[in-house]
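One structure below.
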Amino acid sequence: MRIVFSGGGTGGHIYPALAIAKQCKSEYPDTEILYIGGKRGLETTLVPKENIRFESIDITGFRRSLSPENMKTVVRFLRGVRTSKRLLRAFKPDVVVGTGGYVCGPVVYAAAKLGIPCLIHEQNAIPGLTNRFLSKYVDTVALSFEAETNPFPAAKHVIYTGNPRATTVYHADKTKGFATLGFHPGTPIVLVVGGSRGAKAINQAMIDMAPFLKQLDPIQFVYVTGESYYEPTRTAIQEKTGTLPRNLQVLPYVHNMPEVLASTSLIVNRAGASFLAEITSLGIPSILIPSPNVTNNHQEKNARTLEKAGAAEVILESQLTGSKLFDTIAEVMKDSSRQITMSTASRRLGKPDSADILVEEIMRIIHT
Ligand SMILES: CC(=O)N[C@H]1[C@@H](OP(=O)(O)OP(=O)(O)OC[C@H]2O[C@@H](n3ccc(=O)[nH]c3=O)[C@H](O)[C@@H]2O)O[C@H](CO)[C@@H](O)[C@@H]1O
């Protein structure tokens, strides 16, 4: 089977594509893959790391307000369609899969116009602009959340699959997670991470609570700042604490996140959809701080779903302080029966067979 994947900008759009790619390879070992991404997103580093052939197109997103920049985006889109058609004609895929972010707009549109079967995967409960546009042209729209009303009324076929990253993390080896962090298996770990690019507000709360972390030893804190925040955040913590607390590891990014998640007891996170699919697949209790800077405030909606089920505590960014975060972590970590209840509720929302369902659907659209 020959597949083209496209999706990018942030990890939440790239990892689902890589998860489907992994499942295709395991079920159909002779699968050939080409990934078409943007020139600047995280995909430029994450995809080649997986030894997947990568090509890029130059594209930007539309502004929601009237802006002269949108004219340039139209020109880039049309140019992107032309480049995509050239790449697709040369690669001759059986199917094209888009996982969101504006880069997959021209790629999937070009594929549909060439008559190649296409599927798009939507990670969020509130669909993104690109997927809404593409839904009219593709064979299948795959949803991460079960919806009471169809969020893609113009689509030919809509199915609920969950997010395929749930499958990747479900099969991850937790002993490798403990080992890469340098801990004995069973060590209680609190993982703090602000989405795939880090989050300034969570970083500030961590800087403020760092001096108190040693009170919770032997609990180990693994704190992922995001690449661009790493140096200033680490320096700020050091200035505040003298030396880094013994039970705190500060990292810029984690490349084996499935294994690290598998070894985690509690996670503090934004409420990005891919992360939530991973957390619920493994049944990890969570403290969620939704980003207020996203379309239609969709992260708060994501977070409230987990909160309502009893799987998460939600702290709004406007109420976030170092001491509030510290107290909430301490409350959960000191109460093992609460952790079990949250974990059970979290796992109930998980869909670990998501990638299998997606590959089945991909095969269906290739053969119909
Ligand atoms: C600010 C913004 O627009 N965020 C959106 C973006 O979030 P973002 O890209 O942050 O996506 P998520 O939080 O959903 O997922 C992050 C992904 O990156 C991985 N990871 C992250 C950090 C790390 O060090 N290592 C690592 O591997 C996680 O395991 C996960 O697979 O896409 C999501 C779609 O999925 C949306 O719901 C979010 O609202």
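A Cβ is built for glycine as well, from the same backbone N, Cα and C atoms used for every other residue.
TrEMBL has this to say about the protein:
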DOMAIN    3-142  domain 'Glycosyltransferase family 28 N-terminal'
BINDING   Thr10, Gly11, Gly12, Asn124, Ser196, Gln299  UDP-N-acetyl-alpha-D-glucosamine binding site
DOMAIN    189-356  domain 'Glycosyl transferase family 28 C-terminal'
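Structure with TrEMBL features highlighted.
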| residue | record | Cβ neighbours (10 Å) |
| --- | --- | --- |
| Thr10 | UDP-N-acetyl-alpha-D-glucosamine binding site | 18 |
| Gly11 | UDP-N-acetyl-alpha-D-glucosamine binding site | 22 |
| Gly12 | UDP-N-acetyl-alpha-D-glucosamine binding site | 26 |
| Asn124 | UDP-N-acetyl-alpha-D-glucosamine binding site | 25 |
| Ser196 | UDP-N-acetyl-alpha-D-glucosamine binding site | 23 |
| Gln299 | UDP-N-acetyl-alpha-D-glucosamine binding site | 26 |
>> According to DSSP, collapsed to three classes, what secondary structure does Gly11 (UDP-N-acetyl-alpha-D-glucosamine binding site) have?
In response: helix
> So what pLDDT does the domain 'Glycosyl transferase family 28 C-terminal' (189-356) average out to?
Replying inline: 96
> Looking only at the domain 'Glycosyltransferase family 28 N-terminal' (3-142), what are its DSSP counts of helix, strand and coil residues?
Replying inline: 63 helix, 28 strand, 49 coil
> Helix, strand or coil at Ser196 (UDP-N-acetyl-alpha-D-glucosamine binding site), per DSSP?
Replying inline: coil
>> Let me make sure I understand the span of the UDP-N-acetyl-alpha-D-glucosamine site: among Thr10, Gly11, Gly12, Asn124, Ser196, Gln299, what is the greatest distance between any two Cα atoms, in Å?
In response: 15
>> With an 8 Å cut-off on Cβ distance to the Thr10, Gly11, Gly12, Asn124, Ser196, Gln299 Cβ center, who else from the chain surrounds the UDP-N-acetyl-alpha-D-glucosamine site?
In response: His13, Gln123, Gly195, Arg270, Gly272, Ala273, Ser274, Phe275
